[in-house]
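Quick look at what Swiss-Prot annotates:
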ACT_SITE  ASP79  active site
ACT_SITE  GLU174  active site, proton acceptor
BINDING   HIS77, ASP140, ASP197  Zn(2+) 1 binding site
BINDING   ASP140, GLU175, HIS379  Zn(2+) 2 binding site
Amino acid sequence: MSSVIERFLRYVAIDTQSNEESQTTPSTGKQLNLARLLEQELKELGLQDARIQEGYVYGTLPANSTKAIPAIGFIAHMDTSPDFSGTNVKAQLVENYDGQDILLNPEHNLVLSPADFPELLDYIGKTLITTDGTTLLGADDKAGIAEIMTAIAYLTAHPEIEHGTICVAFTPDEEIGRGADQFDVAGFGADFAYTVDGGPIGELEYENFNAAKAIVKVKGRNVHPGNAKNKMINSILLANEYIVKLPPQETPATTEGYEGFYHLNDIRGDVEETTLYYIIRDFAEDSFAKRKETMLNLAEECNKKYGSGHFHVEITDQYKNMKEKIQPVMHIVDKAQKAMETVGVKPLIKPIRGGTDGSRLSFMGLPTPNLFTGGHNYHGRYEFIPTFAMEKSVEVILKIIELYAEEHSN
């Protein structure tokens with residue numbers, strides 16, 4: 001078993017699920033169990049400054065060259081999604097995959113099928129790592145952690161490979177949008193970085209959604225239903241009117257690529273008051289602004305119909321498209337693309353239909369595009385990762401480091 005796979009299997013066995021309701025950093029103490037292990041392993045690899053700071057793990061592999069090679073960072077996150085259990089993960093190896101259904105769990109008759117996930121057919125003959133159907137796998141982002149750690153281990157075992165300063169960080173709470181909150185950019189020390197938090201092999205991303213959340217509060221008036229005529233105002237029904245007036249063709253289930261959306265992801269309410277929880281996503285700044293304006297204008301329209309004060313919308317920006325911060329330093333994307341091509345991986349440059357620590361970090365002065373881990377179907381029981389993709393990720397990391405060293409040797 002290759003070292004990246006061995007590391008990955010050890011890391012996924014540690015429960016690191018984050019918790020959006022918590023106000024601590026990290027949001028869950030169990031993330032520190034992995035943090036302490038990674039700190040210890042970095043020190044064993046010779047990164048003597050390895051440390052845990054505010055729940056973040058940092059370490060630096062000093063340059064072994066006197067040339068002016070830029071300091072490169074590699075970042076992955078320790079937490080797994082709150083959307084599905086990460087407790088007692090039992091990873092399963094499926095060797096020489098034959099293209100048929102994979103029985104994840106005989107007891108519950110849970111099957112990973114190419115009928116549902118046709119991308120499985122791309123990996124016939126390969127070894128896959130799956131769940132046992134009762135938890136997520138945690139390739140998001142423990143695969144990234146394992147790949148970075150394996151690359152660092154390779155460099156320390158091969159001092160003849162010339163490199164500049166390599167900075168490593170593992171963050172908590174990325175899955176709940178707080179992964180960059182306490183990130184020490186200055187202390188990290190990199191000139192630029194890469195998150196290793198992407199999906200299938202070849203993914204290379206430097207654009208992401210502009211993101212906001214919207215809370216729509218709808219006020220009603222409750223009276224006894226037996227005496228309610230011309231008196232009751234049912235906030236649930238008013239809320240439904242707001243919902244259906246937003247474009248039904250602009251939801252996550254009906255959009256792809258560079259298309260934006262409105263996503264209603266929670267409703268809580270009764271006759272007296274109903275609250276709608278939306279997220280708003282778009283790549284273009286003008287389209288993003290129009291979406292926010294649409295939600296505000298719709299509330300005004302509903303208030304004109306039902307009376308002032310029944311509808312109130314509060315919109316909070318969450319993160320921005322990092323493209324504007326990456327474009328001035330596109331060499332970091334070009335190097336990653338060349339690294340992939342050199343090791344036999346076809347680059348798949350695509351926008352991130354989501355967020356990433358790299359977006360926030362880019363606006364904090366650390367340009368940070370995103371590299372693939374190799375995983376599929378994150379945040380659920382059908383998550384899987386081909387082992388060869390993890391091995392290729394390690395090769396890409398090492399090749400990026402090598403290309404920068406070569407460039408500054410001339």
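Just so you know, glycine gets a Cβ as well, placed from its N, Cα and C.
Between the CA atoms of GLU175 (Zn(2+) 2 binding site) and ASP79 (active site) there is a gap of 7 Å, rounded to the nearest whole number.
Of the recorded residues, ASP197 (Zn(2+) 1 binding site) and the residue listed as 'active site' place their C-alpha atoms 12 Å from one another. Within 10 Å of ASP79 (active site), judged by CA to CA distance, lie the following recorded positions from the set ASP140, GLU174, HIS379: ASP140, GLU174. With a cut-off of 8 Å between CB atoms and residues at least 6 apart in sequence, the same chain places THR80, SER81, GLU175, ASP197, THR373, GLY375, TYR378, HIS379, GLU383 near ASP140 (Zn(2+) 1 binding site), listed in sequence order. Straight-line distance linking the Cα atoms of HIS77 (Zn(2+) 1 binding site) and the residue listed as 'active site, proton acceptor', rounded to a whole number, equals 6 Å.
ASP197 (Zn(2+) 1 binding site) counts 30 other C-beta atoms within 10 Å of its own C-beta, drawing on all protein chains shown. Long-range Cβ neighbours of GLU174 (active site, proton acceptor) (same chain, at least 6 residues apart, Cβ-Cβ under 8 Å): SER18, HIS77, ASP79, ASP141, ASP197, THR356, ASP357.
Within the set of binding-site residues (HIS77, HIS379), the lowest number of other Cβ atoms found within 10 Å of a Cβ is recorded at HIS379. With all protein chains in the displayed structure included, the most crowded Cβ environment within 10 Å among the recorded positions ASP79, GLU175 is that of ASP79.
Those same-chain residues not listed among HIS77, ASP140, ASP197 yet with C-beta within 8 angstroms of the centroid of the Zn(2+) 1 site C-beta atoms are ALA76, ASP141, GLY144, GLU174, GLU175, THR195, VAL196, THR356, ASP357, THR373.
Taken residue by residue with DSSP, ASP197 (Zn(2+) 1 binding site) is part of neither helix nor strand, so it is coil.
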